[in-house]
């Protein structure tokens, strides 16, 4: 089957990320979508600059006529990543008029012109997908539009601006002032030279407007959102909040009330024990309260080239599946097309690699540790941490706890057998597995 | 348009929950699905027992012939909630043969017979949806099948058995033994009289088998999963792990390795600072590591009548949308059908109700507190907590922090204006909003 042809508008961080992910994961994506997805052409303002940003291994066709991309009869999906609300609106409406499906990451565009764009798309019979517009790679739009459809949504509260969350985390962690934390964020590339848009809540309010619309079935009403940023927040308040058991987060909150909908972005004290209070740095998180499901939380990276590309490409796959299979086979049961499952072997537990927690009971005498560590070293199992507990009053047996680095399970089992045969060891070892879950 | 007719098989906790949610949220669900969804008939083993479980306000047609439900030509979707693997398999395959779409919450059925069931469904051109089979109301299946399709999934780690997580949380919190924590879970209805299935990891392994299949595009291979439960876990290990900075969780882990796939359920030490380590009680959480998106986390209630019903009904809406609209209009842009948006007013910030953090600078003299509290009381703003900081050496101005209960913003603003006019108050008050996010 002919690959789906994508016309990219814009080739900044996200555009380059989309091109990269489509190439790197082409096989995996094709198995899922039932069809290859290719970038047919890219419309940019500056061709030379775009060429230098193109990922190696890609041969992209760049041009500086954006309208030509939208008008190209061979383009199936227009992917709008130029940002801004004027040219983007014109191009998106033109793509829709040309009966092309649209994927966009542009929250400002949708929060401000969404009603008009969706009406046009509805009429033209095309899809406008926008998973990347809110919370980057976290599939929160899909969760709300499809995953939680049984629920009357009561409220949504989200950390939906990574820049602000980074600054607030930094102020709390290091006691920095707002100005210093902002400078740090700028140094690390998490904040723009002019950070207004992020720190004063505009970006969060765009995203919140979209969340509110799909949660409650109301039109986009960005102009009615209440905005308050973090630039006037003092270190004292962060510290006092902490003393009282709270964290301060820039939250976007939308809530159903008997007389209407609350739609507001502002610094908010949240009990420190809530999971969302512990979402730090540039991470995003959204909490949704539904009447049937209760509270669900979604967290992950809300910005950056590949996290955003993850959402954009998922939208491309969504459209591709629609254009490819019969509707009832749109999403394959096991996510991948049934004729493209692979029979990867399931590894036996002896071949599993992880870290280990080992607890041994040893007679409290010299040489035990030396024996144990030698056995581990002989089997190339390296030790991450070790702790010896004092024996209880009158006891002669001590607990020794060892954390290992990553090792194959059968090696660890061999070590355990050898350790258990030492005369200084009492009884059986306890073995538990340990996962850092860091990457 | 004629309502979609659902044939329910089974009317236990989840079945009754589905009936209840469909009735209670009928208007909201219809606006989203584009069509009403009705339970046409219910097949149960014991009609009298089922009748007593029927939610008030519903008039359900119960019968004890399950096959008659599956064979009813007017039933569009068969919703299998009887559990078990033998009769459930027969009925699901029969429904598929009758070209009915199927929604099931049955993880054991899919983990063991999924390959056969999906092959039959693919051939017959029907959908088998199973969002409720893993992690209850959390839309993790949708996230993996549709939201993260851009990614090469590296691994998944999940707390996917609420019973075990409750027991582990209780052991850690109270220092209880496994036996005592289990007894407590049974008392609260979180564990069965025979808890083997939950505490020995079978249930988690069923769910993990499904997650692995859709993450990696491999057939279901439950028989190759490694299982280790929590019944032999000692209090000592929980305490030692804590001392070393870890929490012990029963995790289902599946990981892509060069030589195959790891598929394992066992108690696992996880760094205490990870969000998943802080998911307590009966809550579920799943972490997915994708190559583009990085780490995303999904948490919520993994069991219970309505959380599970939330996922079942979302699946029903999915099928209903497919049977109702043109494919490209399957999911409305704003989640609700465009002709069924409502124009709920967005409330001005003065009408917003929340709790408040107020910081005032006061001259350190008697009577200040009395004045401030009287102003708040006059405006019916009740105080949740109050904290006075000692003045710095040589200073005469003290910081006073007040947390209020929920109040309307315009009342709080009035109070602030009055407080600021007190002669004992220095400068402006700081006002921050506070959200408990508890329900």
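Here the Cβ of each residue, glycine as well, is placed from N, Cα and C on the backbone.
Note that TrEMBL annotation is computational and uncurated.
Taken from TrEMBL as is:
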| type | residues | note |
| --- | --- | --- |
| BINDING | B:9, B:10, B:11, B:12, B:13, B:14, B:15, B:16 | NADP(+) binding site |
| BINDING | B:107 | NADPH binding site |
| BINDING | B:192 | L-homoserine binding site |
| ACT_SITE | B:207 | active site, proton donor |
| DOMAIN | B:357-436 | domain 'ACT' |
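Structure coloured by features recorded in TrEMBL.
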residue: B:9; record: NADP(+) binding site; DSSP class: strand
residue: B:15; record: NADP(+) binding site; DSSP class: helix
residue: B:107; record: NADPH binding site; DSSP class: helix
residue: B:192; record: L-homoserine binding site; DSSP class: coil
residue: B:207; record: active site, proton donor; DSSP class: helix
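Sequence-distant contacts of residue B:13 (NADP(+) binding site), defined as residues of its own chain at least six apart whose C-beta falls under 8 angstroms from its C-beta, comprise B:304, B:305, B:308. Note: the residue listed as 'NADPH binding site' has non-local neighbours B:130, B:133, B:134, B:203, B:206, B:207, B:210, i.e. same-chain residues 6+ apart with C-beta under 8 A of its own C-beta. By a simple count of nearby Cβ atoms, those within 10 Å, the most crowded of the binding-site residues B:10, B:12, B:15 is B:15. The distance from the Cα of residue B:12 (NADP(+) binding site) to the Cα of residue B:192 (L-homoserine binding site) comes to 14 Å. What surrounds the NADP(+) site, by Cβ distance within 8 Å of the Cβ centroid and not counting B:9, B:10, B:11, B:12, B:13, B:14, B:15, B:16, is the set B:8, B:17, B:18, B:44, B:53, B:81, B:82 from the same chain.
For the pair formed by residue B:14 (NADP(+) binding site) and residue B:192 (L-homoserine binding site), distance between Cα atoms is given as 16 Å, rounded to the nearest Å.
Rounded to the nearest whole angstrom, the C-alpha distance between residue B:10 (NADP(+) binding site) and the residue listed as 'L-homoserine binding site' is 19. For the domain 'ACT' (B:357-436), the model's pLDDT averages out at 94. Per-class residue totals from DSSP over the domain 'ACT' (B:357-436), listed helix then strand then coil: 23 helix, 33 strand, 24 coil. Around the Cβ of residue B:14 (NADP(+) binding site), 26 further Cβ atoms fall within 10 Å across all displayed protein chains. On a Cα basis, residue B:192 (L-homoserine binding site) lies 22 Å away from residue B:9 (NADP(+) binding site). In sequence order, B:19, B:42, B:44, B:50, B:53, B:54, B:62, B:81 are the residues of the chain that are 6 or more apart from residue B:11 (NADP(+) binding site) and have a CB within less than 8 Å of its CB.
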